[in-house]
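Asker: The structure under discussion is supplied below as structure tokens; questions concerning it will follow.
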Amino acid sequence: MSVVISIDVGTTRVKVIAFSKNGKIVAISDREVSQIYPEPGWVEQDPLELWEAVRKSLSEVIQQVGLKEINSIGITNQRETVILWDKETGRPVYNAILWQDLRTEDICRKLSEYSEYIKENTGLLLHPYFSASKVNWIIENVNGVKKDIERGKVIFGTVDTWILWNLTGGKVHKTEPSNASRTLLFNIKRLEYDDELLKIFRIPKNILPEVNESSSLFGYTDKSITGVEIPITGILGDQQASLFAHGIRELEEVKNTYGTGLFLMLLTGSKPIIPERLLGTVAWVINGKVNYAIEGSVLTGGACIKWLMDRLKLIKQAADTEYLAKSISSNEGVYFVPAFSGLGAPYWDASARGIIIGITGRTRIEHIARAALEAIAYQTRDVIEEMEKETGVKIKILKADGGASQNNFLMQFQADILGIPVERPRHVELTALGAAGIAGIYSGMWKSKEEFIEDTREVELTFSPEMKKEERELYYSKWKDAVKRAMKWSML
């Protein structure tokens, strides 16, 4: 049986999965990866730990399926995270600075005069979330990096580039548009790096990876790692990968990945839309054809459940929240705004901070757990309403994936608060499957995206709205009030 191997490098886990042509998982190996919090608002990872997790998991999957069965490899990854490394030694010059890291707020504030140019050409906002200011921080703050860049020793990449470089034994330094378009350095209209943006962020062009099409031959694995050379034929950022696997119809359907954050995407076609409070981005490029998307990125989604579990010790496992939420009939006025790293779309307030409001003497763990799940659904509605404003099109269905999509209370409440159906696919590993699809189309496993979707997509459950409109709007208006209380908090 021929398989495509997908390498999925997330924020908290690395997964390597072998998929058959019908999308079934033939083999899987995964490892948890740790985060480092050196200071408040800073989030890092050890790039060598990421690579080691990939290397070990890939080795285990290859042992399970056998080298002869492997058609190709695809890569998907957490986006915006930056790594700079010495291309001679392969050693990172600093830890990976993660997407949710806020240390570059001041850098972004000082560059505010360029925000219009940045928005118009990248589709993104001038915000610490994206890669460019993080790269600038490393260049300006880590000893010796500037000189080593001048000597041509140091190169930059997002996580996909770092994994690709290591897989190929340091031979290939490339990326693709779905990742490049998240750096604030890439012009999404011209599909190339923008010299003006490089000047704004003081980043030399010679450290940047070459940009391939998303579905193309990036290179071959080094024999010392995989035993034989295996073609690497597809790369997509994690959210674009899940969008690809959902088979979303343009402008009618939205996908939401319920992960550490919440990532909503709407496919918009062959011309870029530059939205006001959301993000315009590249979905993928296949056979010379570019597809664009609008994205709403919510910084804290499932992470608020992890916080209840790891920091407050209120629950033992994430699944406990479903039972707790269902055990009470309402939130009793308790709202939780989980602005741990500020607020992302559509507010983009880096100075917002988390609050739990409406607490009384009757408030119990059940109310806090329910408020956390409801916050995920409210933030999703915030983004969908903004998408509808930008496009003038009413969204007909939400397609869900990610860990928290397995929570039935959340999915039902999501349908209720939106007033539209929420569809959950049978396949849990949508992000990894999307990377397999983009790779397998180039390597001949599937003839087209349409064939890939037909072979692999299967709906497990559809949640239909049951809540009355008046009740829905009352809940949501209270949420909006709570958000106002959380905004600008660190500036007060």
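Yeah, the Cβs are placed from backbone N, Cα and C, and that goes for glycine too.
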Asker: Figure out which of G302, G354, G358, G361 sits with T11, K15, T260, G403, N407 in the ADP site per Swiss-Prot.
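Answerer: The record-listed residue among the candidates is G302.
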Asker: Of the candidates Y129, Y292, Y323, which one does Swiss-Prot list alongside R79, E80, D238, Q239 as binding glycerol?
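Answerer: It is Y129, as the record lists it for that site.
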Asker: Quiz question: given the binding-site residues T11, T12, Q239, T260, which has the greatest number of C-beta atoms lying within 10 angstroms of its own C-beta?
Answerer: Q239
Asker: Count the Cβ atoms, other than its own, that fall within 10 Å of the Cβ of G403 (ATP binding site), considering every protein chain shown.
Answerer: 19
Asker: Would you pick out, from the binding-site residues K15, R79, the residue whose Cβ has the largest number of other Cβ atoms within 10 Å?
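Answerer: Per the Cβ count, the most surrounded site is R79.
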Asker: Please work out the number of neighbouring Cβ atoms within 10 Å of the Cβ of Y129 (sn-glycerol 3-phosphate binding site), leaving out its own Cβ.
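Answerer: The answer is 30.
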Asker: So the record assigns T11, R79, E80, Y129, D238 to sn-glycerol 3-phosphate. If I measure every Cα pair among those residues, what is the longest distance in angstrom, as a whole number?
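Answerer: Overall maximum Cα spacing for these binding residues reaches 15 Å.
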Asker: Taking the binding-site residues one at a time (D238, G302, N407), which has its Cβ surrounded by the most other Cβ atoms within 10 Å?
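Answerer: Ranked by Cβ atoms within 10 Å, first place goes to D238.
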Asker: Based on Cα coordinates, which of the following binding-site residues are within 10 Å of R79 (sn-glycerol 3-phosphate binding site): T12, Q239, N407?
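Answerer: Hits: Q239.
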